[in-house]
């Protein structure tokens, strides 16, 4: 519960009616004395401003008017004639005053509606009728009870006679169901039920010896039930009555310690009742069962009035004689948790010791066992992701049991149908039929053209298909027809003595392609063969090579040909401009001569026909000239030339360039008809990034046009259909062209970003219709680094029950705890651990759902006796070790293991078996205390961030409990500690346990701490290293030599090393990482010990998995036999040499320097630091401490790499491989390498290894 606002007045009050922002009217309480002894009486109106979360400013009245006397009661009702209603005041001088609330707020001088003085004495109570707001009942001294009508306020009528009774009427209440029934309570103990219709009393309750009545209230739903209360200090009771049996109360509610002064029955929920009284308390009850739910914050004086808000029962107000009216809510804000966090945030050094005393007002927390009725719903429905509707309905009316139904839901059935049809067609693989179907159903010529082009690309020879689509398949025959019309194909009348007609054959077509213009003729076939001279053959046509009439050019050509010098002959022919001769010579001379002849020919034909330039581009393989310079009206001819002659490696770019020219013309001329031509070019060149922009523009235009013309379709249906068509075109196009997206690995600046947005939108649409797998398929086409796709993918995977990082808060089973919990007693002797002859396995524990950012959760302790000293675990051990100190058993972090209290009558462990002796320089064993978690959520918790938790004056990170083993911040604590020797008094004694508190604790006081008693133990850091597991050997093993010191465990720091008292001192784990920092020689183990008798206690409740929690290695093998108690080692002589500290070796380079990291180790630094920054930027702010701790540990690794110490070359190589695995998000490989290093190279591991472990877990959990 939280106190939302406070009005600094000692006054009676009334809530404003209606659903508007709540106002409160206050009237100075009659008989009350202010702190300044003012005798001013007034009526004030207050705006609570509940819409603002800032509750720090003191409220000021928005209206105020003086009165002649103090108030005993106030009422506020709706009125047809007054917009904000009418306020009625019961004054001490017997006057009944009425005010217009709207005029009061506006500051009008005529706010007073009327003033009536029918009562001869003080008016003690008044109330408007809930059914007829114009009827007002007033009761006061001498038994006077009047009913007033606001429409005729001057003529009230009285109920009862003056002679009937002379006691004062203290309270009254209208029946909530029967409008003419009224109940009154008097100082003489009479509880009378009146029938206003007959103006007579109906009955009088037998009020248990005529005890005075301070408050009455009717049940809001049952017309025959009411409650009464007595103001007597000796008998502060609340009676529940049923008028069907008026001789005795149905139930008696006992909870107040002094007289009850006020009651308020919630109008919206008959199971909620508020009561306040002289014991300064406000209680919440269930009057139907008599159960007391709890109490609200205790004040310092009587609480004389409490009222629910009539419209919003989440709020209620309580007035007390300490000068405050508190406006509160029934919702829980988990104040105990906030206070515990504030205590943990206090600094651990002496500067803030006294700052831990909290000065906040005392509060009480309780949770209602069931939701209030106004929060219950008989039925409800919610749309769920994935095309589901979750509906809740009652199984049977009147019973508090409901059933849940999950049914599929589709916004538009056509969407699901078209999606399913398309996906099935894709599975069948008949792409041509899809294109034909979509082209026939196309809504525009542009869309139809797109599908036709895609269909043309399906053929085995796509270029030929494109040429045929452009209409060039019959161009040869058409050209032949035109030549025939011009008479250019006429031949001589006779060929070899035969007419041309006869030579062609009678059945031949008149015009054919060039290759078929000559019919088969045997003589013609033998023509060339006849020309070839066979061996020994003679001819009748002699000739001379030189006849004397030749020109010099002829002679030069002849001589060159005779010698086979075709290039020289070509040069002469070209020089003489004999082009026909030159081409024939070039054909004989080979490719080089042909290219030379072509080049000369084209250079001479610069002003020739257009086909010459086209031929030049084709022959010179320079189609860019045609693409960039040909007129765009002939773009089809250009496209045909590209399809015919372009090389495969240039074809796509040439098509794109032609499409770009068409787009430029579209922008310059605004001729949108050219868009389909540009689309053709981009489709032919497989340029999806270019055509998608045109398609999206067409999609928008189609939507706008369809919305304007559609009669029945919704805008959503139109948009989804257009989007479906776009996705289908893109999908088919990608399959036909085997399009490969090369930008999926990029982080930004994608060419297909517009398409990616449509993919994400389409995935959301189809997922909403229940097609999750289809949605996932299209999201897989979007780059992994796309921020919106990443969110959508996680959402889809969650809906499909795939494993994804969970960021929700842990749900812990709620248990009911007392309001004031006693502090657990801390014992200076350790609890007995349970040892087993076999390897210990942690007991199965119920863990909350995994949360990668949640801090470790303490195990649940068994609540047996909070005042008994702690004892051994409840499990029965097979063999017990009485001398094992308490520690992080089973690799559980210190501070998380519960102390199991014994049952009543159990003897404290400290007095049962004497502990073993300890060395003279050893410190007492660390004592771990356990506090039950109190941050358990309830149904009525306020939303996150509604209230601001209290913060300490210093921003020291929170830490859990542990003892300070050394008063000097820079001194390294001993690695092994034990309990005090037998018979010797302990160094510290735990304070005695206080008796159980009575009732609610009073407000806290600030006191000085005792000077000779130990101060509060600072909390052990929950994010520090785990306790070290002692080395385990075989049952009959030989102890290791004392001269070989054991370094700290590669997994955790020793359990006896708490954080130093100075917040700026190095961490103990860092101090213990180097053997030179040890303050004393290691103590050898006791003789004949199979293993260390100070083994850690195995944890019975392992903590939940948490990437930010310290790593938890598997449990160690426990010894097979129990070792006897060790003997005390001899005390060392006090010499200067033994007390001298070993000076730590200074590092080669200062911490933070990264300039000397070797090249082979540089990838470790670059990759891990970059990934750490990624995690740091995305992790929730509430887990800042965990992230910073991991970063600090990584910096230790980087310092080692910079100094080239600790890590061997093979470890550096493995760490580089681990870093690359993290970069590739191959966390399993990284984890395997990490475990291998920790297992096989423990001497190279330190605090940095825990940082690497946490980074792997956090990186995996961070999207």
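Sequential numbering from 1, following the chain as shown.
From the backbone N, Cα and C atoms, a Cβ is placed for every residue, glycine too.
Note that the coordinates shown come from a computational prediction; the quantities given were computed from them, not determined experimentally.
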Annotated stretch (region 'Disordered', per Swiss-Prot) among the listed ranges 488-511, 512-535, 536-559: 488-511
Given ranges 801-828, 1165-1192, 1193-1220, 1221-1248, the stretch to which Swiss-Prot attaches the annotation region 'Disordered': 801-828
Tally of DSSP helical, extended and coil residues in the repeat 'WD 4' (164-204): 0 helix, 22 strand, 19 coil
Intrachain residues whose Cβ lies under 8 Å of the repeat 'WD 3' (118-158), provided they are six or more past its termini: 30, 72-73, 75, 77-79, 86, 88, 90-96, 98, 164-174, 176, 179, 182, 184, 186, 194, 196, 199
For the repeat 'WD 3' (118-158), the number of residues DSSP places in helix, strand and coil: 3 helix, 24 strand, 14 coil
For the repeat 'WD 1' (5-47), residues assigned helix / strand / coil by DSSP: 0 helix, 21 strand, 22 coil
